[in-house]
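K.L.:
Mind having a look at this structure? Questions to follow.
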Amino acid sequence: MASETRGPQGFERVIEAAPAKVAEFAETKTPVQKLQYALHQTPALVPLIVLVASIIGFGLLLGHKFFSAYALTLILQQVAITGIVGAAQTLVVMTAGIELSVGAITVLSSVIMGQFTFRYGIPAPISVLCGLGVGTFIGFLNGTMVARMKLPPFIVTLGMWQIVLAANFIYSANETIRAQDIEEKAPILQFFGETIRIGGAVLNFGAILMIAIVAVLAYVLRHTAFGRHVYAVGDDPDAAELAGVKVKSILISVYTISGLICGLAGWALIGRLGSVSPTSAQLENINSITAVVIGGISLFGGRGSILGMMFGALIVGVFTLGLRMYGTDPQWTFLLIGSLIIAAVAVDQWIRKAAA
Amino acid sequence: MDQKGGGVMDPILTARGLTKRYGKVTALDHCDFELYPGEILAVIGDNGAGKSTLIKALSGAVIPDEGEIRLEGQPINFASPLDARAKGIETVYQTLAMSPALSIADNMFMGRELRRPGMMGKLFRMLDRPQMERIAREKLSELGLMTIQDINQAVESLSGGQRQGVAVARAAAFGSKVIILDEPTAALGVKESRRVLELILDVKARGIPIILISHNMPHVFEVADRIHIHRLGRRLCVIDPKQYTMSDAVAFMTGAKLPEGAEAA
């Protein structure tokens, strides 16, 4: 018995005649497969192509009215809040979660910054820190419930959305702080509304903040261990845990950072509106999800790039401004955005096939 | 191939009286275990015999309720797989524990990434990608594993055998004391299984002891030096594959036959 059990089994001996290579990579790829592979490697490519195409499209259609430094930077200003909130959303979606309370956290943070300054007379910079702190804390609560209590992110953030929004209305007594008052007494609240002009281009600080946040997160996600762990957690949390990733602390950090980013969005929101209004930013949760999806970030987690999200937000901005300049019914914008969302998911599914 | 257990060498990894209960189910019932240096120890047992719980306890994924684990004579308490890894025990799970969308290099270094030297690494925590890619490539070709063209290729674009290969290479690259392989050939074809078995013998040839969990009797009898038969939450016996047949092993495993008293543990 002993001698027979060593070495390959009898029926396996024929393998020796077969080619010795176990792993060969088929290198014959058609151009379509090459494209599929390239898109698989660089997920931000699709939204970038769509963005450039839509800018060129509207440029041809509307001429200089649209294709000017002023109009193009106006788009940046208009999407700044969505882009910042979208960055927060991106982090959570990467971990296969969803964050429905981003809009509510944003508006509550801005209300706290305003009310602390005007109701209690706290110095504005400290109020700003308080607003950021509250945003961060709500994010931390979300993360704790998702990671430690294992509640589904959809449910946690759906609940938190209602709680935070209600708290926002109760606390602010539905009262708006007027832009003139802020300008007189606490101009730092409007900091992100400041603009710099370069020729015809008008950049506000909010747009610069968006670009800065996206740039920092793009670096963190791509070039640090934390970023790789965020992808791994979204891809397969069990595998990540076994491979040595601290899944719970990654999840809590992600929700906490996303809360902080929403706080920053709340500050930028005051700059954008001039005033502090408890009824603003209502649509930012849906807008941010739209930007994430059009940006090619998979809602199943673990795939996509934050640059894609910014391109997604810009695509929505280009369509909104372009169609308004063209003079169509604004409903056409929504109709087109809706089609883009579905198309983006279809492309995502196609790209995933490159894997199989 | 010399047989261990003659009392010449001390075991590298031992467990005494391991017990683990899940509610009313006792998965491990005062289980003992020994692994000697340089050997391949196969662990076999019927479904539900508690093999996986034993392996998880040894790899830190499960914390036993009672009992003691010693590595090189030192008692150890693993709180997580990370602890076990830090002590040089690497596990290749049946699920492989890889992130499909990430690259081969990213997966090999998951949880123990290298950072750039100097400012970029310290302050900006930048990963040392070139270094990680170089080491990953080296480790894969060291095991004669495959002709990887792109170390940055996503793991999901690899075949089952290639993934298994990357997982074994990861364990071999970092496992300094013990490597645990859970069903490494279960999902593979005939040819790929053969390659993985050769890989296991390669790793053994480097002197690292291996714990092999498998349901595949021919594979077990082919590579194992000793076979630990697990039954009803404890070690039933340890047999020498040269002295027993596969049907003996299956009979012990299923309770159809009892081993002679001397062999029983």
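One-based numbering along the chain as shown.
For all residues, glycine too, the Cβ spot is worked out from N, Cα and C.
Keep in mind it's a predicted model, so treat the numbers as computed, not measured.
Here's the feature list from TrEMBL:
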- A:44-63: transmembrane segment (TRANSMEM)
- A:69-88: transmembrane segment (TRANSMEM)
- A:100-118: transmembrane segment (TRANSMEM)
- A:124-142: transmembrane segment (TRANSMEM)
- A:154-171: transmembrane segment (TRANSMEM)
- A:201-221: transmembrane segment (TRANSMEM)
- A:250-270: transmembrane segment (TRANSMEM)
- A:307-326: transmembrane segment (TRANSMEM)
- A:332-351: transmembrane segment (TRANSMEM)
K.L.:
Which listed stretch (A:44-63, A:124-142, A:154-171, A:250-270, A:332-351) has the most C-beta pairs under 8 A with the transmembrane segment (A:201-221)?
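P.N.:
Selected stretch: A:250-270, with the most Cβ pairs under 8 Å.
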K.L.:
So, does the transmembrane segment (A:250-270) come close enough to the transmembrane segment (A:69-88) to give 3+ Cβ pairs below 8 Å, pairs being at least 6 apart in sequence?
P.N.:
yes
K.L.:
Have the transmembrane segment (A:250-270) and the transmembrane segment (A:100-118) got at least three CB pairs under 8 Å, pairs 6 or more apart in sequence?
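P.N.:
Contact criterion met.
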